[in-house]
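Some features that TrEMBL has for this protein:
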COMPBIAS  628-640  compositional bias 'Low complexity'
DOMAIN    4-37  domain 'SWIM-type'
DOMAIN    439-596  domain 'Helicase C-terminal'
REGION    620-642  region 'Disordered'
Amino acid sequence: MTFRDLEAEQGYCSCPDYRTNKLGTCKHLMHAFARFKKGGGSPVAGQDYPFVEIFLDPHRENRIAWFYPHALPAAAAELIAEFFAPDRTLAADKTGDFLAFIEAARELKEILIRPEVLEAVEEFFEARLLAELREKRHPDYALIRADLFPYQKEGIEFALYRKGAIIADEMGLGKTLQAIATAVLKKDLFGFTRTLIVCPASLKDQWQKEIERFSAEKAVVVQGAPEERAALYRESDAYFLICNYEATLRDLPLLQKYAPDFIILDEAQRIKNYETQTAGVVKTIPRKHALVITGTPIENRLVDLYSIVDFLAPKLLSPLWEFSYQHCCFDPRQKNKITGYYNLQSLKERLQPILIRREKKAVIRQLPHITHHDVPVALHPRQIDHHASYANGVAQILRKKFMTPFDLQKLQLLLAKMRMVCDSTFLVEPEEEIHYSPKLDQLRHILLDQLDLKRSPRKIVIFSEWVRMNQLIGRMLRENNLGYVELSGKVPVPKRAALIREFEENSRCRVFLSTEAGGAGLNLQVADTVINFELPWNPAKKNQRIGRIDRLGQQSGHLTVINLIARDSIESRIAEGLLLKQDLFEGVLSPGSTLDNVDFADRGRPQFLEQLEAAVEQFSRPVPPESEAPASAEATVATSDPCAEPVETETPVMQPVAAAVAVEQKASSPYAVAGASPEKLAQVMNQGMAFLSGLMQMATGQALQAEEGAISVDPATGEVTMKFKLPGF
């Protein structure tokens with residue numbers, strides 16, 4: 001540390017925070033100044049500042065500048081005047097000649113050049129060298145075993161001649177191939193000896209397969225005991241090493257010791273939260289060049305993009321306070337609450353040096369055509385009752401003036417249950433013998449009748465967030481002799497590749513049934529149809545699902561996306577709720593977008609709450625008497641938190657799935673589904689009445705007086721009548 005001005009508490013610190021915060025101070029300087037003043041410290045009388053300091057000025061965009069509070073020594077003054085402007089910063093036309101200044105300054109002891117200045121000069125010359133290479137050296141695409149589209153070559157060359165880059169193409173445009181080609185060509189151009197690929201665990205084998213398919217390079221998956229992993233980092237002659245994000249946490253010392261030349265981050269959403277340990281560790285891995293590939297650099301928040309860019313070019317958007325000030329609208333009544341975003345076109349311009357994004361509509365003639373079908377499905381009355389009950393709970397929470405963390409957690413749970421019951425009553429009352437799922441009936445109709453899956457050769461991918469819903473779908477597929485494989489978070493990573501092979505190679509395996517575990521990164525282009533059993537909240541997750549089949553290598557000339565949406569329910573509002581997040585996504589990343597503002601104050605969380613309140617008012621209804629209310633599951637079966645469905649133990653579903661009534665439910669008899677006649681139902685209920693009477697007599701000594709046949713069922717209306725006399729009357 002160096003003190004420059006005791007009164008203004010200005011100085012220099014070598015810490016990373018000082019380099020990036022643009023404040024001219026840091027916690028170390030603040031603490032040091034406070035201790036110095038508290039101890040009665042004062043500058044030594046007559047002492048001059050010890051050197052002419054060449055540094056990066058944080059108050060002037062980290063431009064190279066000089067500081068000296070006294071008259072410059074003659075030799076230093078002559079050298080400073082040759083290179084620096086009157087405002088004490090390096091003249092714009094002198095950056096390329098600054099090496100001459102550095103050489104001359106070595107002869108003058110009174111000049112001190114800070115290390116970050118040397119780094120900035122080195123970065124300048126590296127960028128100039130890369131620009132010259134772009135003009136003189138053209139990539140040898142013969143090293144790539146694929147016929148590349150022009151837009152792919154553009155993406156490869158964009159990343160090839162940069163130290164850091166983001167390929168943010170829309171899903172299905174071949175980002176993996178572009179990344180592999182970039183790594184292979186960097187080896188040819190720069191003599192790199194190792195590329196590290198960091199990806200989700202479920203994609204490691206797929207990366208290895210793609211590398212071996214598209215190049216002659218060797219690829220090794222880092223796995224095994226610590227000693228085995230250490231040996232791989234130390235001794236492997238493979239150009240590509242592949243590991244998952246979790247492995248970087250435990251292998252960081254090895255990655256620092258045996259540093260790669262080039263790092264590729266796949267599904268970089270994993271580092272979107274800059275405060276997480278994973279993000280911090282990944283950013284500390286030494287490397288010469290880096291590439292991020294992701295179709296969704298922004299999922300919900302603009303800060304997601306900030307963290308990813310911080311990995312590639314820490315100075316481009318830093319510091320966070322300035323980035324927030326330039327692009328985020330804050331609620332003046334609540335600290336750190338973002339109500340919207342603005343100045344998005346300026347942000348897009350700032351990202352141009354490192355980010356390239358192409359959308360399918362720009363290369364549509366080279367890609368299969370996609371059609372989307374929304375299929376509305378009427379809820380069963382039982383589902384409507386549950387849905388209304390949960391809506392009542394949501395309404396009660398929303399009426400509160402202040403929400404506690406418990407209220408927010410309960411709100412999320414109730415919203416999840418509203419979505420779950422739209423799929424099937426089994427998800428909210430598994431203990432009941434009869435379950436209602438019009439969606440399941442609609443799915444059966446689509447598969448067997450509309451798609452004619454038993455006779456056509458096509459393959460289908462079906463997504464549902466809920467493991468138990470997939471179990472019901474699997475049961476329906478088995479009953480109709482449709483072969484399928486099922487993927488969820490509980491399937492071990494080593495077994496997932498076998499599932500994909502089974503789906504690809506077995507002609508009798510017609511359906512790939514998956515939770516969100518298969519929503520990111522898997523290549524399922526053998527299929528031509530995606531069915532979303534329910535829509536996710538997040539548009540990025542929906543796009544990820546579709547992207548599993550809409551990828552390069554897709555041979556079908558027509559792709560179909562089918563969304564099952566429960567009519568007059570929370571599901572019918574989800575698509576509307578996705579529009580705001582999609583606006584944010586397109587405003588920053590879509591090349592043709594002119595959107596510059598996304599205002600949450602008008603359309604954001606307040607609007608979401610207003611829409612939610614309006615929705616639950618529409619869906620809710622007066623709470624029925626206890627005798628008419630839906631039965632509680634608490635007395636018999638303890639169900640898990642619906643929000644934790646992806647980690648639920650996958651036990652077989654034993655209860656039968658009843659045939660559900662879809663649209664003309666009012667004309668249906670309640671006994672058609674249950675399979676019981678009115679006479680049989682009355683007999684069972686009378687037997688239950690006798691049992692309850694016996695229990696009452698044991699407890700009170702008085703029997704519940706009821707005549708034989710006290711319970712009757714009207715065959716026409718299904719109305720149940722019960723007659724009995726209370727004791728003492």
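Keep in mind that glycine also has a Cβ here, set from the backbone N, Cα and C atoms.
Values in this document were obtained by computation on a predicted structure and should not be read as measured data.
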Long-range Cβ neighbours of the domain 'SWIM-type' (4-37) (under 8 Å; 6 or more residues past either end): 43, 49, 53, 55-56, 58-59, 61-62, 67, 69, 114-116, 314-315, 318-319, 321-322
The domain 'SWIM-type' (4-37): DSSP-derived helix, strand, coil residue counts: 16 helix, 5 strand, 13 coil
PLDDT averaged over the residues of the domain 'SWIM-type' (4-37): 85
